[in-house]
Amino acid sequence: MAGLDPVHRDFFAGGAGDERTVHANETAFDRLRLLPRVLRATGVPDPRLTLFGTVLPGPVLIAPTAFHRLAHPDGETATAHAARDTGTVMTVSMAATTPIEKIAGTGARLWFQLYPQPDRDFTAHLAGRAAAAGVTALVVTVDSPVFGRRERDLRNGFLDLPSGLACENLRDPVTGRVRDIVLDPSLGWDDVLRLRAVTRLPILVKGVLHPADAAEAVARGLDGVIVSNHGGRQLDGAVASIDALPAVAEAVRGRVPVLLDGGVRRGTDVVTALARGATAVLIGRPVIWGLAAGGRDGVATVLRRLHEDVVRVMALCGAATLAELTPDLLREVRP
Ligand SMILES: Cc1cc2nc3c(=O)[nH]c(=O)nc-3n(C[C@H](O)[C@H](O)[C@H](O)COP(=O)(O)O)c2cc1C
């Protein structure tokens, strides 16, 4: 990516350990082939879906990713403008380099991602601040009791943001100083549920791979599950998201939306994920590459091309709506 510092490029592209899971997220799709239907008189397919009462133009949302101002000077604001331009949802990372209020000023549909902090009052403050800015859902990332070992960053000595950039949403409301993100291995379900007391927004848990955890999330009244291994940045060797999906979808049994991220790059990947039981998908790195290449327009181009590809693949599969993307359209082949 021209213009992107190689150290920052490594931060965005890389993952934990040997990056087996980074790689597996994409290659796992290779084993899943489409078995299209023909002569279904679909007309132009309709890829819209309704999520938490909002009609979205298509099933591709923006995953939370940190530090957009490392990729482009306009950072999260550019990404949000692109979300607004295309009508999709942007999930703003807790590690965003732009204040949530400024991002919300673009008029984009926003969700806000957070890691519950050991300081419960600060977690409540964060959730309240995001809600006041107008976000419409909270995404609680649960796959990070500790930091994954990202060896590219260790080799490059990439430990901190360059001066002038900061995690603007981590400013302490009293001192104004930016706090560090604290990952807490003693967190449990009750820490997620505590957010219920401070917000009426839907709460999704992100980073679920095991079907028992998905069932637990539903049993505890959470509003959505995101099947994710954090783009392979946490547990190297974790199962590819698309491989974890069927058992999670089966455990959830349609009671709440099941989203998926990890390795989604083409319309075929989106259609495959929905046919395997996902309600929608999110993309992480493709948004970063669009941002680095062309700011707002770059991100909008990524989102538009993927959207067009989804519609094309739906037509080629004989599916008029997302509801027609069902498991019978898939065959698993040997690698
Ligand atoms: C550079 C980068 C930063 C990320 N930052 C966060 C984050 O702050 N919070 C979070 O929940 N997930 C974070 N993720 C994980 C993404 O939300 C998502 O799970 C992952 O990128 C999806 O995989 P993909 O990049 O293959 O599309 C990050 C991923 C990348 C690549």
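Note: Cβ is positioned from N, Cα and C throughout, glycine not excepted.
TrEMBL does not curate its annotations; it predicts them automatically.
According to TrEMBL, the feature domain 'FMN hydroxy acid dehydrogenase' maps to 1-335. The FMN binding site annotation in TrEMBL covers 64-66, SER93, GLN113, THR141, LYS206, SER228, 261-265, 284-285. Annotation comment: TrEMBL describes TYR115, ARG150, HIS230, ARG233 as glyoxylate binding site. The active site, proton acceptor annotation in TrEMBL covers HIS230.
Shown on the structure are the features that TrEMBL records.
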| residue | record | Cβ contacts under 8 Å, 6 or more apart |
| --- | --- | --- |
| PRO64 | FMN binding site | THR91, VAL92, SER93, MET94, TRP111, GLN113, VAL139, THR141, LYS206, GLY284 |
| ALA66 | FMN binding site | SER93, ALA95, ALA96, THR97, CYS167 |
| TYR115 | glyoxylate binding site | MET94, VAL140, THR141, SER144, ILE181, VAL182, LEU183, ASP184 |
| ARG150 | glyoxylate binding site | PHE11, GLY14, GLY15, ALA16, ARG233 |
| HIS230 | glyoxylate binding site | THR141, ASP143, SER144, GLY148, GLY207 |
| ASP261 | FMN binding site | ALA63, ILE226, VAL227, SER228, GLY231, SER241, VAL281, LEU282, ILE283, GLY284 |
| GLY263 | FMN binding site | ALA24, ASN25, GLU26, THR27, ALA28, PHE29, ALA240, SER241, ILE242, ASP269 |
| ARG285 | FMN binding site | PHE12, ALA13, THR65, GLY231 |
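Neighbour list (ARG265 (FMN binding site), Cβ cut-off 8 Å, at least 6 residues apart, same chain): GLU26, ILE283, PRO286. Its own atom aside, the Cβ of LYS206 (FMN binding site) has 26 Cβ atoms within 10 angstroms in the protein chains shown. Mean predicted confidence for the domain 'FMN hydroxy acid dehydrogenase' (1-335): the pLDDT average there is 97. In three-state terms derived from DSSP, ARG150 (glyoxylate binding site) belongs to neither a helical nor a strand segment and is classed as coil. Taking PRO64, ALA66, GLN113, TYR115, ARG265, ARG285 as the candidate binding-site residues, the subset whose CB lies under 6 angstroms from any atom of ligand 1 consists of PRO64, ALA66, GLN113, ARG285. Other Cβ atoms within 10 Å of the Cβ of ARG233 (glyoxylate binding site) number 23 in total over all chains. According to its DSSP assignment, HIS230 (glyoxylate binding site) is helical. Secondary structure at ARG285 (FMN binding site), taken from DSSP and collapsed to helix, strand or coil, is helix.
Taking every pair among TYR115, ARG150, HIS230, ARG233, the residues recorded as binding glyoxylate, the greatest CA to CA distance is 19 Å.
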